[in-house]
Amino acid sequence: MVAMVSPSSLFLILLFLSIPFSESNLTTDYYKNSCPHLENIIRETVTSKYISVPAAAAGTLRLFFHDCMVGGCDASVLISSNPFTKAERDADINLALPGDAFDVIVRAKTALELSCPGIVSCADILALATRNFVSIAGGPVYTVMLGRKDSLESNISSVEANIPRANTTMDEIIRMFESKNFTVGEMVALSGAHTIGFSHCKEFAYRLFGYSRSTPTDPSYHPKFSAALKTLCANYKNDSDMAAFNDPMTPSKFDNMYYQNLKRGMGLLESDNGLLRHPRTNHFVDLYAFNQTAFFNDFAQAIEKLSLSGIKTGNQGEVRRKCDAFNTFQA
């Protein structure tokens, strides 16, 4: 009798076989004996945070992306600058990373240090917390392999070339992801993370008030949407905290509404709108807008792949005692 393998299991098998040896040391039950209460602690911490601050889901997902895109998923973005080095966290594009995302990692780490001190890496905590937040917000459940070590360095100079900005062209974004071995489809699926969360007005105000000399407002916006954004962001120069939901229809629900909004002229950022207009990405937008299951499946596979990017194992890293400082800088 021939055993049947599910498509998701087959994907994980193929992904496992294709990754370098150091990454293949990761397992789903890495902490089974050394920290048996890990999953419960992460679940309780994430659930508590989500109940009090639902926006922490989008914030943590963004934090995870910003970590993995710069040198790999190694918690380097969590490091605070020290007297010798300016860390990734202080890069201009990372200054708006929400404090609640950092806070939930600190809370989980504190609880884990009480339960199993010196065992669970901050990189694994961030990966697990992100997975749980995606799920609790209504998104797909996906597999997180464990056994990452925390980075031994974090440099502000590494950030700029590795994380797209709101006005980065789609060609540049595609090249950025392809340089990290992600396909165009995987990039579009990961962009669906914008189905939750918000963006500050300063990131897209030029599309509302200074698009061009003859056309102050980007005509790609639906007129009623741009009018509402102008009202919302009217005072953005004096209030840097002013922001709009990436998905104004279901802002706290992880679904495929983001792609539907793009087709309605409600792509908040220029990079969002670029997905609809670029010939290499627009058919994925059409697919995901029509088929949420396809989006969920592709997002799950893409973020599983992202979670294995540039990981550190063995003596390539450490298990930090505090997530914001290397062990050598802790008393």
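Each residue, glycine too, has its Cβ placed from N, Cα and C.
Any TrEMBL annotation is an automated prediction that lacks curation.
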Cross-link partner of C35 (disulfide, per TrEMBL) out of C73, C116, C122: C116
From C73, C122, partner that TrEMBL gives for the disulfide involving C68: C73
Among C35, R62, H66, C116, P164, which are recorded as recorded positions, the nearest neighbour of D74 (Ca(2+) 1 binding site) by Cα: H66
Of H66, H194 (the recorded positions), the residue whose Cβ has the fewest other Cβ atoms within 10 Å: H66
Mean of pLDDT values spanning the domain 'Plant heme peroxidase family profile' (25-327): 97
Position of peak Cβ density within 10 Å, selected from the binding-site residues G72, P164: G72
Cα-nearest neighbour of C116 (disulfide bond) within the listed recorded positions, R62, C73, E88, P164, C233: C73
